[in-house]
Amino acid sequence: MLTSKKLQYLLNNLSNIPSLPNHSALEREVKGISTNSHSCQLGDIFIGMPGTRVDGGEFWQSAMEVGAVAAIISPQAAQKFPPKDDDCVIIVEDIITVAAQIAAAFYDYPAQQLKMVGITGTNGKTTTTHLVEYFLNQCQKPTALIGTLYTRWPGFERTAVHTTPFAPELQEQLAEAVAANNEYCVMEVSSHALVQGRVKQCPFQVSVFTNLTQDHLDFHKDMEDYFAAKRLLFTPDYLQEKAIVNLDDPYGKRLIDSFQTEQVWTYSVEDTKADFYTSNLTYQANGVTGTLTTPFGNIEFTSPLVGQFNLSNVLAAVATVLYLGLDVREVVEKLPHFLGVPGRMERVQINDKQDISVIVDYAHTPDSLENLLKAARPFIKGKMICVFGCGGDRDRTKRPLMGQASAQLADVSVVTSDNPRTEDPQRILEDVLTGIPETIEPLVISDRAKAINTAILQANPGDGVLIAGKGHEDYQILGTEKIHFDDREEARKALEIRLKV
Ligand SMILES: CC(=O)N[C@H]1[C@@H](OP(=O)(O)OP(=O)(O)OC[C@H]2O[C@@H](n3ccc(=O)[nH]c3=O)[C@H](O)[C@@H]2O)O[C@H](CO)[C@@H](O)[C@@H]1O[C@H](C)C(=O)N[C@@H](C)C(=O)N[C@H](CCC(=O)O)C(=O)O
Ligand SMILES: Nc1ncnc2c1ncn2[C@@H]1O[C@H](COP(=O)(O)OP(=O)(O)OP(=O)(O)O)[C@@H](O)[C@H]1O
Ligand SMILES: N[C@H](CCC[C@H](N)C(=O)O)C(=O)O
Ligand SMILES: [Mg+2]
């Protein structure tokens, strides 16, 4: 997005900044923001972000060499590579806050020009953001969505790098969303993002908490630390108006204690104490029907999403859009036509002769794998075959728990690779296998394409093959290389062989 601002203007917008350098660069136009010395360009302001491997501030000289107008770095980086008086280097303690302030000022505070919804929780963020986006767009409220799959709005789509972009990219995307006349933005807010201040300068009209179960314990010290990160979205720095919280989740229950009652709406799939709850439920292979109770009255509904956990996502989304002013009847009328989310409970069906069901899902945590298997079970006549693995360079302790979930709930477990990244795939498989009791004999096939192929070719008519963990991903990360790989394509290929088409 083409824009520019005077350095002096950007620095004047900072809080807690030491006195400004008396430097001629203050009058220069800043053309962009860079947090990476390798992609820094002439006219950028370079911000040295603290990382898990290195303090980005240490690269300020490289940034200046390619023509950065100024660099903002930490005291530690400055101590290691001291700038001279005539270098336009500004030293600040809280780089994370400063990065967001500069980015927001550079892009004219776009979050303030949108009605913002932030959704956090271990599982359900992508699904719930898509439901909110769908309802708002269907009701003629132009809406931008930012999350794991893409940043998009009507007529525009860009594949995502992170679930929640870092502040400079996020503010740029919000500015693009404003320029495209969107009125709302619904975004996934990951716990990494909250800890790293990626969403600072984003006031949210609504903050949603879906649930908290084990994941990311490579990044967060323990579950309390993980909860503390998610909770930040509900502090006054971010939350402006309404908190919408899952009452069925123990951490959700804890979270609501921190609010005045009028600031929070709760939802539950069955607890009548919640502001939004469901009853008279009938779960079917193609969705669920029942009665929805809301502060605006009761109404019969049909949702096309399978499983209790998806009902929870529907409740979160309905509560959000009703708070934003949509009409309950209109929303419930639209719900049956929601097409689902790529890679979430996505059926792979190549023709009507297909004698087994094949589902691709993004379950990559113990809780989501358990939910997936429980939700699918009633609709599979024969055996339930679960093909799954665990990502490398990620929480190692979730691996045996995922093994255990599959061993307990599936009839056949096929343990394979997910994205091994820089870890030894064999070691990841071994970690998964420690959770599988000796009485159960899983198939262990490291090559994911072969694992999918074997599961589909060995299945008997009536069986269900659930392929979990990679959902929408169209790649596999082996070492530091990213190759094309898509569970749905692999499943289709195997089905073609099975059905001889
Ligand atoms: C844990 C984490 O968030 N890591 C992110 C972080 O990497 P890092 O801490 O290793 O960075 P680093 O290498 O130490 O470098 C620090 C800084 O120095 C800069 N640098 C570094 C080297 C150099 O030569 N020059 C230079 O300028 C880097 O650009 C960076 O800004 O900063 C990088 C650059 O911005 C990110 O790409 C990287 O995301 C990695 C790829 C990642 O996988 N993140 C995942 C875990 C993540 O953020 N996931 C959440 C979703 C989680 C969920 O499922 O809920 C997300 O929101 O996507
Ligand atoms: N509300 C929920 N509770 C538990 N599990 C869920 C819920 N919603 C979805 N799932 C399961 O979790 C998987 C991921 O769902 P989704 O992509 O919506 O979550 P997410 O929070 O965006 O995940 P990520 O943090 O990896 O982006 C789904 O494929 C499904 O198996
Ligand atoms: N946002 C999650 C996605 C995990 C998806 C799974 N396929 C894996 O690679 O572990 C993460 O980065 O931990
Ligand atoms: Mg997501």
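Positions of Cβ are set from backbone N, Cα and C atoms, glycine also.
Together with ASP418, ASN419, PRO420, ARG421, GLY469, GLU473, TrEMBL lists one candidate of ARG394, ARG396, ARG492 for binding meso-2,6-diaminopimelate, that being ARG394.
Less than 6 Å separates the Cβ from ligand 2 in the case of THR126, drawn from the recorded positions THR126, LYS230, ASN419, PRO420, GLY469, GLU473 in sequence order. Beyond the motif 'Meso-diaminopimelate recognition motif' (418-421), the same-chain residues lying 6 or more positions past its ends with a Cβ under 8 Å from any Cβ of the stretch are 364, 388-394, 428, 448, 469-470, 473, 476-480. Between ASP418 (meso-2,6-diaminopimelate binding site) and ASN123 (ATP binding site), the C-alpha separation comes to 18 Å.
The subset of binding-site residues (GLY124, ASN419, PRO420) lying with their Cα within 10 Å of the Cα of LYS230 (N6-carboxylysine) is empty, i.e. none.
Of all the binding-site residues in the record (ASN419, PRO420, ARG421), the one with the smallest CA separation from GLY121 (ATP binding site) is ASN419.
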